[in-house]
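Student: Take this structure, written in structure tokens, and hold onto it; I'll ask about it next.
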Amino acid sequence: MDLKLLSIATLLGILCFCSAQQEGSDCIKANAQSCGECIQVAEKCGWCTDADFLKQGESKSARCDELKSLITKGCSKAKIENPRGSISIDKDKPVTNRKKDVAEKLKPDQITQIQPQKLSLNLRSGEAQTFKLKFKRAEDYPIDLYYLMDLSFSMKDDLENVKNLGTDLMREMQEITSDFRIGFGSFVEKTVMPYISTTPARLLNPCTSNENCTSPFSYKNVLRLTENGQKFNSLVSKQQISGNLDSPEGGFDAIMQVAVCGDAIGWRNVTRLLVFSTDAGFHFAGDGKLGGIVLPNDGKCHLENNMYTMSHYYDYPSIAHLVQKLSDNNIQTIFAVTEEFQPVYKELKNLIPKSAVGTLSSNSSNVIKLIIDSYNSLSSEVILENNKVPDGVSIKYKSICKNGVVGTGENGRKCSNISIGDEVSFDITIESQKCPSKGKSETIRIKPLGFNEDVEIVLNFICECECSKGGEPLSKICHNGNGTFECGACRCNDGRIGRLCECSTDEVRTDDLDGNCRKDNGTDICSNNGDCVCGTCECKKRENPEERYSGKFCECDNFNCDRSNNKLCGGHGRCECRVCICDANYTGSACDCSLDTSTCLAANKQICNGRGTCECGVCKCTNPKFQGPTCEICPTCPGVCAEHKECVQCRAFETGEKKDTCQRDCNYFNLIRVKDRDKLPQPADQSYPLSHCKERDANDCWFYYTYAVRNDTMREVYVVETLECPAGPDIIPIVAGVVAGIVLIGLALLLIWKLLMIIHDRREFAKFEKEKMNAKWDTGENPIYKSAVTTVVNPKYEGK
């Protein structure tokens, strides 16, 4: 039963140890055959370049392990290859502190809102690199605004209010920026059935006979971006309403052309706003099939004479395609739509980053306020996005926004409620899990949505160790040139294997080679603890990297030694080939026997109180009647005081049982007499054990003494020379006290009796009084009673 419990405890200890070392086993499990493969496994893995590091039976992959494990196995720090990642900032132009009222104006390309602008990252697999990105909204930043308007017939009254939009909007935008440009475009629908009527008359005038409308068109760039508000008013006032048949409009075609035709529109690298004004829904990808158009939108510019000419050839763009082009060209969209279509465009806003929706009045009279409010809303939020990252690379964002608000996850990409001049920052963490298949360098870009600036990040991947650069191709060490000797090991050529590339892959499983892996011509190959490779045993790896097989035939290991206290070699040695090699001051098969005698020292500085020997740090008492950690306890022995009482009594007072044999039996101590107890030695004054004793003789007299042992042999007894005997009794006071006590007790008893009698009499009298009060007397006459008085009446008496 005890053996079973011990085995379970040992197993639990091993499991706990393995769990604690699980991380380190990743390096071993990878079976890396070169330094480059090793450093790609995990950040914690290193490669030992010491040519003499491997023990017999160990494979090349044993060079790859956690740093602490390599050092424990005997590899010096100087011989461990463990490259680390790094960050270098290549372009770090500070953000611009620009004021609107300053006379000197900066060009758009001279304004910086994001810092730094370019970085280079050296990435090691599993090691994250973090850098800080700063963003600050510049004051008086230039704005380009393009007004894209639906000119279908239902927008007739809206066109009248937009005709003066140029100068009015210019005036309002002066409060925000001194560098503002405005442009105008219009759209209706694809010029094919069933979106418009293709009869000749309707193509000339799609409206009713009472209305004079222009011919239908898909998209027209009426005015490229300009600083001249009067020109905007002039050209817009000349525009005419057109018409179509269905309710949804072809606005997506127009948005796509506005986004991709930057030269025609006149976009600058500044804040780009697109105001999309309509009172209807929209067509999107797939709807073109109704008109026989099946080719997907190509996302390219097709403007000729400022007219979109391929509406009949390409389908409407999809929402995702539109989002991509708007993002690529840093365009922020404001949907100015009527109340009826608010729900539709709010859903669309959720799909298009950096877009806003405003409610347009029925005649567009509130369009300027709508634009100002939407711009303030868009510009108060910064959202970071990045292009596609290489396979195996991940990016995490953490935002530190206004008032110290911190965002993580998806919220780590953005900051809200940013005013002009506010500065926010982002902690960006990039981590690679593997090296790219092609090339060693990749470039990604991070930019705030709706802004033309971005951060260029060059990713350089650490895929090889520095030591590989000094490799020796066709090295003689590697079996006469069958491999490259690098980083302390052979990297074999194709078709060659083995620690020194000594074998061809065709020779691996031959019986002759297997025979070299059998110990003493036995049947077990590599003691069933390894594989025979090229006639040499390569020992298996254990789940726990601290445990390993070794030896020519993998017959040795470092984990099957004796255990003590559930620890291998008692925690005081190392296991080599299943035998414990004990540390200094330890011995035994499990190194569980300590040679240190300090644990056996008693309080008197003697080893085991002189009553035993110290074995493995524990006292073994030679006299069986003694026990305890230092043989200090003797349950059957008399106490020190009782043991020496008779000898002290006979020598000091010549009394006691040993007074006749005192000279013979009690000469083993030195007797010193003192006058009183205060003269006796005190324990605090002595550097040796001291016992204070108080004993009584046959006459009931007390005597006091101390017993001490000096230098293991010299015994001293200090005794008070006078006995303390009790005085005899005084008879007269005792007799007088007894008589007085009897008298007092008698008087007390008489008083108590008298008191009880008084109480009893009073109770009886009270009872009599009560009965007397309750008595009722009979007042009836006795029938035989005759009164002694006789009254005679004179019949003649008349009362005169």
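Even glycines carry a Cβ here, placed using N, Cα and C.
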Student: Say which of C582, C600 is recorded by TrEMBL as the disulfide partner for C591.
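Tutor: Checking TrEMBL, the candidate bonded to C591 through a disulfide is C582.
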Student: Quiz question: given the disulfide-bonded residues C27, C463, C634, C641, which has the greatest number of C-beta atoms lying within 10 angstroms of its own C-beta?
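Tutor: Per the Cβ count within 10 Å, the most buried is C27.
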Student: Near C693 (disulfide bond), which residues of its chain come within a Cβ-Cβ distance under 8 Å, counting only those 6 or more away in sequence?
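Tutor: C693 (disulfide bond) has long-range Cβ partners V640, C641, H644, K645, V648, Y704, Y705, T706, Y707.
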Student: Within 10 Å of C561 (disulfide bond) by C-alpha distance: pick out those among the disulfide-bonded residues C465, C575, C580, C619, C621, C631, and say none if nothing qualifies.
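Tutor: Of C465, C575, C580, C619, C621, C631, within range: C575, C580.
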Student: Return only the integer: C-alpha distance in Å from C38 (disulfide bond) to C27 (disulfide bond).
Tutor: 7
Student: Let's see if you can do this one: DSSP helix, strand and coil counts over the domain 'Integrin beta subunit tail' (641-730), in that order.
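Tutor: Helix (H, G, I), strand (E, B), coil: 23 helix, 29 strand, 38 coil.
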Student: Determine, to the nearest whole angstrom, how far the Cα atom of C556 (disulfide bond) is from the Cα atom of C575 (disulfide bond).
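Tutor: Counting only the Cα atoms, the answer is 10 Å.
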Student: List the same-chain residues at least 6 positions away in sequence whose Cβ sits under 8 Å from the Cβ of C580 (disulfide bond), in sequence order, or say none.
Tutor: C561, D562, L568, C569, G570, G573, R574, G588, S589, A590, C591
Student: 10 Å Cβ neighbour count around C647 (disulfide bond)?
Tutor: 20
